[in-house]
Amino acid sequence: MAEDATLVDETALEAAAGESPPSNATACGELAPSPLLRGKWLKDDMPRERLLRQGPGVLSDTEMIVLILGSGLPGHDVFSVARELLDRFGSLRAMLDATYTDFDGLRGIGPAKKAQLLAIMEMARRSLVDKLRSRSLLNSPEAVENYLRLRIGGRPLEVFVSLFLDARHRLIHCEESAQGTLTRMAVYPREIVRRALSLNAASLIVAHNHPSGAVQPSASDCRLTHTLRDALTLIDVQLVDHLVVGVDSVYSFARAGWP
């Protein structure tokens, strides 16, 4: 679309996006009618202009992606590309877990657009980790849970994450200690113990996701938790918590009394 044009054809945008053109969206994604002028859009109602005037909270998820992409490719309008991205992943949060190959087959997403999206998503993840490093995680359980939901809550396969903490419960290092399938995963406590020693960690928070979304721990989750807790006790490292992570909720072994 031509940036210098004062008016943008509304019908063309609707056909390209498969939805109503960007409007006065709220942060919750609810749309309010856009000011129209004889079936056309004023330039002031385009996503970039509205963001600069009112802030990012007024934009829909589709419009945010439009601004990140900047433009489409020949034959692929940027609004339709943004909508297809959301349809593929289901939400912006799920996009944060995407890999390079997850974007394969999407119309209008070439190598440059893939790299751009992945770089922005990595910046978001690193920003969250930096926030965790600046505080005692023992006093910030919500921050830990929000980060883990964002990092692994939407993953299609099971992932086991270890957060190694210092004596003041500040984050030293976070890593994925194991990856599995849709329903099972092999975690080796001795490897986590070895890693804790190498990082000189004083305590540890571990977490894994349930791709099904149900966060109730299994019998094997409980066995692993107690085995790992006992192994860490032998080297004087505290297991602060084991979290089972879903897209929208988290189960805490510590809050549940270590069943």
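The count begins at 1 with the first shown residue.
Backbone N, Cα and C atoms are what each Cβ position is placed from, and that goes for glycine too.
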From candidates ASP221, ASP230, Swiss-Prot puts in the same Zn(2+) site as HIS208, HIS210 the residue ASP221
The most crowded of the binding-site residues HIS208, HIS210, judged by neighbouring Cβ atoms within 10 Å of its own Cβ, is HIS208
Once DSSP output is merged into helix, strand and coil, HIS210 (Zn(2+) binding site) belongs to coil
The answer for the motif 'JAMM motif' (208-221), taking Cβ pairs under 8 Å and residues 6+ beyond its ends, is 152-153, 155-161, 182-185, 187, 242-251, 253, 259
Checked against DSSP, the composition of the domain 'MPN' (137-259) is 41 helix, 34 strand, 48 coil
